[in-house]
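Take a look at the structure set out below.
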Amino acid sequence: MTTNLRSESLDAGGAASAGPRVGVLALQGDFREHARVLAGLGARVSLVRRPDELEAIDGLVIPGGESSVMDKLSRIFGLQQPLRAAIAGGLPVYGTCAGLIMLADTVLDAIAGQESLGGLDVEVRRNAFGSQNQSFETDLEVPALGADPVHAVFIRGPVVESVGSGATTLASLADGRVVAVEQGNLLGTSFHPEITGEHRFHEYFLAKVRARVAA
Ligand code: GLN
């Protein structure tokens, strides 16, 4: 029920003013799961569907879903250019799966006419794991998040095929394929920490948001 997802009910506890204001792009995909995780971590969460809603946030999550649909909806809702401007202006943004595709400067195996927002100096390939292995789980070493491996769930996820000089690899599969990257205030993962109870990527993102608020 979407009424449960209004920002009022997602605030953690009564001390809402203490948490950073984080929007979740809610055009399509698993935005509810991200909203719940972020609220549980103390953020003041709002769902973003209109350009003016970008003005009230200090960070944004772009969820998993279907990047070609999200792209189309972002243009229909007049969000594409405001989102690009926000990214260029330094807004911290975390994209998971389709969200990572939206953040990539270059998308391989895009559908005809599909555009991304860009910002991450990477090339990603959509649906990169082939029909036999589209969805799988594995444990990843992510040194930036500490010694414990991250349990990662992939659902028709992309792979980062090349990482430009501006971006940094945070995690790779055992075969070397890159599945988590960051670049300044931007963070992207091919997998879905929002559905596994693994909150260290969201914490890592919230640290970027808090640093920006404090700056
Ligand atoms: N395959 C989807 C796309 O191309 C991404 C899948 C996901 O977000 N779980 O956008």
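Including glycine, each Cβ sits where the backbone N, Cα and C put it.
Nobody curates TrEMBL annotations by hand; they come from automatic prediction.
Per TrEMBL, L-glutamine is bound by GLY65, GLU66, SER67, ILE155, ARG156; the candidate from ARG36, ARG44, ARG126 named for the same site is ARG126. According to its DSSP assignment, HIS192 (active site, charge relay system) is coil. DSSP gives GLY65 (L-glutamine binding site) a coil state; it is part of no helix or strand. Cβ proximity to the L-glutamine site centre (mean Cβ of GLY65, GLU66, SER67, ARG126, ILE155, ARG156, cutoff 8 Å) flags the following additional same-chain residues: GLY29, GLY64, CYS97, ALA98, ILE101, ASN127, GLY157, PRO158.
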